[in-house]
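Colleague: The structure's right below; bear with me while I get my questions together.
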Amino acid sequence: MTEALTVKNVTLGEGKPCICIPLTSSTKEALIKEAERYQQEGADIVEWRADMFEEVENHKAVEQVLTELAAALKGIPLIFTFRSHQEGGEKELSKADYASLNQFVIETELADLLDVEFYQGEETVKKLISAAHQRNTYIIISNHDFQKTPSKSEIVNRLNQADKLGGDVLKVAVMPKETDDVLELLTATNEMKKHTKKPMITMAMGPLGVISRLSGQVFGSVLTFGAGEKASAPGQIPVGELHHVLDVIDKSTAGK
Ligand SMILES: O=C1C[C@@](O)(C(=O)O)C[C@@H](O)[C@@H]1O
């Protein structure tokens, strides 16, 4: 059974999956406008994809955006994510720069959750978890495979490793080439939910994987990404449509 994790006014792991909208603009002004819009539209959670920000290597500029985002979001939890190129992101930082950017963001206490990539290595991940936990910040440990879908046992293995490292939320995204791959991801999620109490976020990307972005309540994924102005990964559907489908599933599975 998943133990729910409450971040500000949002609970991950109870009933209907939360909807997270990614901020994908490249300038501060456009990011703040996006945040204001999603706040008015009632987003559950917002993710800042900082690898899409033109000044991401300038820590002061990052802090300024975080400060203004916190004001614009009016209490909506914020995930800070620097997605590296090899995991599907737009920029690449050295391992040292990746660690220092995330450490800096933790110290600002302006993000509620940080997405930390599993492949950055055990030492970095553990250091960031420990720093975050001293500041009431949660860590999502993520792993993306943009080329393929690993086997069910490999997906479970990656989620287990993220759990053992001490992540608060465990995330895996894969790329399906056939419907069997989507089933592999869903089966892995369903199986893992029997072995961990931590909230999980899993998805199969691209058009074939759309069903996995809708069915979290059934198989055990607590959050789903919906496209705002722009999708941050293939297969995300517009937030309005996502709300509608999640509501239908929630109503029809109530009482189970
Ligand atoms: O890890 C994820 C999931 C994601 O890749 C998706 O497929 O929806 C979108 C990213 O912005 C986010 O950081």
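Each residue, glycine too, has its Cβ placed from N, Cα and C.
Bear in mind that the values here come from a model prediction, so they are computed numbers and not experimental data.
According to TrEMBL:
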- His144: active site, proton donor/acceptor (ACT_SITE)
- Lys171: active site, schiff-base intermediate with substrate (ACT_SITE)
- Glu47, Trp48, Arg49, Arg83, Arg213, Ser232, Gln236: 3-dehydroquinate binding site (BINDING)
Colleague: Please list, in sequence order, those binding-site residues from Trp48, Arg49, Arg213, Ser232 with the Cβ less than 6 Å from ligand 1.
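Modeller: The qualifying binding-site residues are Arg49, Ser232.
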Colleague: List, in sequence order, those recorded positions among Arg49, Lys171, Arg213, Ser232 whose Cα sits within 10 Å of the Cα of His144 (active site, proton donor/acceptor).
Modeller: Lys171
Colleague: So how far apart do the 3-dehydroquinate binders Glu47, Trp48, Arg49, Arg83, Arg213, Ser232, Gln236 get, largest Cα to Cα in Å?
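Modeller: Across Glu47, Trp48, Arg49, Arg83, Arg213, Ser232, Gln236, the widest Cα separation comes out at 19 Å.
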Colleague: Tell me, how many other CB atoms lie within 10 A of the CB of Arg213 (3-dehydroquinate binding site), whichever protein chain they belong to?
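Modeller: A 10 Å sphere around the Cβ of Arg213 (3-dehydroquinate binding site) contains 24 other Cβ atoms.
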Colleague: Between the Cα atoms of Arg213 (3-dehydroquinate binding site) and Lys171 (active site, schiff-base intermediate with substrate), find the distance and write it as a whole number of Å.
Modeller: 13
Colleague: How many Å lie between the Cα of Arg83 (3-dehydroquinate binding site) and the Cα of the residue listed as 'active site, schiff-base intermediate with substrate'?
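Modeller: Just about 13 Å between their Cα atoms.
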Colleague: How many whole Å apart are the CA atoms of Glu47 (3-dehydroquinate binding site) and the residue listed as 'active site, schiff-base intermediate with substrate'?
Modeller: 14
